[in-house]
Amino acid sequence: MTVAPRWVTASAPAKTNLLLHVGSPTPDGYHPLETLFLAVDLRETVTATLDPARDAGEGVAVTVEPAPGSGYARMVAEGAARLSDIPLDARNLAVRAARAVCDAVGASESGLALHIRKAVPVAGGMGGGSADAAAALVAVNDLVARHLGIPELAPEELRRLGAELGADVPFMLLGGAAVGRGTGTELQPVPTDGLLHLVFAPQDRGLSTPAVYRRWDAAHGLSGTGAPDPASPRALAALDPADPGALAALVRNDLQAPALHLLPELADVLEHGARLGALTGWVSGSGPTVCFLAPTDDAARQLADALAREGRLALPVNGPAPGARVDARG
Ligand code: ATP
């Protein structure tokens, strides 16, 4: 007889956008995007546990800790980030993901608890909350299906649930590299060969994604720019095989100018990284994290060390990295 699992741990990657082209908002206020996502090996971990001893009706419980040894743990320890910025109720994206799976398979959510080990700085433009949602979708799908002895939801069904939770969630499920269209949820995987070596430089202050888009609107007027520019085929080709030198000249983020307008000091960070040997730097997503591209793994580590010696937080990461997956169950 097989014993039904009591817990499942899944992880999901952070991301940066190598291209982020923004189009004029549709009447419902959404900006159509054409983006080139890259998943990186900085991962959020979510453990889903079924504890039948918990009272029915309590809903999904959630706890969060900084992942031991992570850059985020250092930020919390140094007072540069607050755990209290993460909602521990029904607003938490991992909780919403767990509920979505339970609803979809007709399972009760009572007795379900989530524990998030957070490595990705909050509100940094690296999609940490979306990674939590993706990891929770995968963990709860695995746990509930095995526990109830029912088939798991198929990957495309998880992607559909993910798209309702947030525009980046389907990509965190997929991983690798992909062009995202629409709000970013219509994904076309991009072939890759070899790793890119990056350094994330998280900032002490967060930037609200809606505020960055409002600034983009203010700069472009309501008539805006029309449809987003298509992703450059040369940028896609620079991933297969990975060619950091070629890619450096092609990276483009339309949200960088509005992010710099809201946080002008980011321009100094970008210049500083270039002086320290980065091939290029850009604001990751809607910021404020700055992402640098290095020519080699060694160069990325040297850049991160140089930034760290100046007292700045710098996280060397590699991409592409796999999407959300089960790591352990018991
Ligand atoms: P986005 O570009 O999608 O806003 P981001 O990486 O900039 O992503 P996140 O770390 O995902 O930002 O968090 C954005 C906001 O989402 C937070 O300020 C927080 O209030 C809320 N949030 C909800 N669930 C979570 C979660 N599990 N982890 C972190 N933040 C969460």
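Using N, Cα and C of the backbone, Cβ positions are placed for all residues, glycine too.
Automatic prediction, not curation, is the source of TrEMBL annotations.
Features of the protein shown, as given by TrEMBL:
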ACT_SITE  Lys15  active site
DOMAIN    92-176  domain 'GHMP kinase N-terminal'
BINDING   Pro121, Val122, Ala123, Gly124, Gly125, Met126, Gly127, Gly128, Gly129, Ser130, Ala131  ATP binding site
ACT_SITE  Asp168  active site
DOMAIN    242-311  domain 'GHMP kinase C-terminal'
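Here the features listed in TrEMBL are painted onto the structure.
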residue : record           : CB count, 10 Å
Lys15   : active site      : 32
Pro121  : ATP binding site : 30
Ala123  : ATP binding site : 20
Gly125  : ATP binding site : 30
Gly127  : ATP binding site : 30
Gly129  : ATP binding site : 26
Ala131  : ATP binding site : 34
Asp168  : active site      : 28
- [ ] Provide, as an integer number of angstrom, the distance between the C-alpha atoms of Asp168 (active site) and Ala123 (ATP binding site).
- [x] 13
Task: Other same-chain residues whose Cβ falls within 8 Å of the Cβ centroid of Pro121, Val122, Ala123, Gly124, Gly125, Met126, Gly127, Gly128, Gly129, Ser130, Ala131, the recorded ATP site, in sequence order - done: Ala14, Val120
Open item on the list: DSSP secondary structure for Lys15 (active site), reduced to helix/strand/coil, please.
Closed with: strand
Task: Within the predicted model, mean pLDDT of the domain 'GHMP kinase N-terminal' (92-176) - done: 96
Open item on the list: Going by DSSP assignments with H, G and I as helix and E and B as strand, what are the residue counts for the domain 'GHMP kinase N-terminal' (92-176)?
Closed with: 51 helix, 8 strand, 26 coil
- [ ] To the nearest whole angstrom, state the Cα distance for the pair Gly125 (ATP binding site) and Lys15 (active site).
- [x] 8
Open item on the list: Around Lys15 (active site), which of the listed binding-site residues (Pro121, Gly127, Ala131) come within 10 Å, judging by Cα atoms?
Closed with: Gly127, Ala131
Task: Secondary structure tally of the domain 'GHMP kinase C-terminal' (242-311) (DSSP, helix then strand then coil) - done: 36 helix, 12 strand, 22 coil
TODO: Around ligand 1, within a Cβ distance of under 6 Å, which of the recorded positions Lys15, Pro121, Ala131 show up?
DONE: none
